[in-house]
Amino acid sequence: MTFQAPKGVPEYLPPRSAAFLAVRAAFAGAATAAGYSYIEVPVFEDTELFARGVGESTDVVTKEMYTFADRGGRSVTLRPEFTASVLRATLEHGLHTGQLPVKLWTAGPAFRYERPQAGRYRQLQQFDLEAIGTEDPAVDAETVAIAWAGYQALGLTRVRLLLNTLGCRQCRPAYRAALQDFLRGLDLDAPTRERAEVNPLRVLDDKRPEVRAQVENAPLITDHLCASCKAHHDRVRSLLEDLGVPWEDTPRLVRGLDYYSRTTYEFDHPLLGAQSAIGGGGRYDGLSEDIGGPPLPGIGFAVGVDRIMLALEAEGLLAETPARVAVYGVPMGEEAARRLFAVVNELRRAGVAADMAFDGKGLKGAMKGAARSGAAYALILGERDLAAGAVQVKNLASGEQTAVPLAEIIPTLQERLAGAAMPAPGA
Ligand code: AMP
């Protein structure tokens, strides 16, 4: 019997998996540069946290959660997203009683029982960033700029930033009522009419053409904002302008999770087809109270690492196979293998990524391994070299080969590799 990975769960194998780590690293780098610290939160939580935190009427909570009873009879759920967990951990450990805002990032898998298709998975990978305990619109702009910097660092050039505001507890109820009035006058099917009563904003997000056409003239939140939401929104936009981050005002943009207020945004990639959202975020000023905490405004985003991988592929940025190591040992015989094993280990300690041929491979097989590894240099050690206390250093690009005394091999290679693109160990 053979096994396959569960349906809708992408795996990342070498050499592509190097790009997967690079995506995380690009966003982690941008977050770290802005003073965000790493937080590790559980993969599963009390089901109630997500029910309250994500919203009882959302698709995520009603249809998509991986919920089960553990052996102690507690209802637990695999995290469908990170924000609720990060906020729960912040409250539980009192991080919000220190310096504000609390700035955190995390990354890993989230789980949603969706219908799998290209770019939509049941185990999805996110990079998540949260700034908790601030109402300053500059932090809204900061989160947008960090995500933007992450995409830029990866070399993506086609990313679009869609920006909106959802108003606040002051102005949204009146807008909601106006939108509901409008939706009640439309010719909608029963489930959509029901949705219009429970969560009318979500109807604006309906992808079906017949619904889209009808909501074309729906009232817009941007025409119903209170003075402070309008000022907040204008400030975010002018700060983004100062930073040179381009955006598109998208007054119909809503998001699938209930907790958003004021600033909301999405990053979209035009080459990805139906699942084109490669990240999204926004403000969640009421979420802390929803999960039993004190008033504690916050803003954050999550980007989809799987979809960013697809975007990199679509822009032709995944084509090259990255080198695994810089140096590859090719031993001829048992004693040579023993000496090279020590040399390779020393290289690694000196910060030079190195590997070697194992299993007593012959010259031909070992050189094939060297080529496949992407190494810049092969170290060939035969019996005659051993007797002479030297090793042959072969430049695998030019074919040029020189004998270097074994005692000088580490500084010689460091020198030759300096300036050349050298993968760090584990990169
Ligand atoms: P959300 O947590 O729904 O705001 O999603 C944030 C980002 O995660 C989206 O913009 C997508 O890039 C990604 N994402 C959400 N759901 C999925 C999924 N089922 N499969 C792959 N990526 C997803």
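Don't overthink the numbers, they just go from 1 along the chain as shown.
Glycine is no exception: its Cβ is also placed from the backbone N, Cα and C atoms.
Unlike curated entries, TrEMBL annotations are predicted automatically.
According to TrEMBL, the features are:
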DOMAIN    35-322  domain 'Aminoacyl-transfer RNA synthetases class-II family profile'
BINDING   Glu81, Phe82, Thr83, Arg112, Gln126, Glu130, Arg255, Tyr259, Tyr260  L-histidine binding site
Binding-site residues: Thr83, Gln126 - member with fewest neighbouring CB atoms within 10 Å:
Gln126
Quick one: give me the count of other CB atoms within 10 A of the CB of Glu81 (L-histidine binding site).
20
Tell me which of the binding-site residues Arg255, Tyr260 sits in the most Cβ-dense spot, judged by other Cβ atoms within 10 Å.
Tyr260
Could you state, as a whole number of Å, the largest distance between Cα atoms of any two of Glu81, Phe82, Thr83, Arg112, Gln126, Glu130, Arg255, Tyr259, Tyr260, the listed L-histidine binders?
21
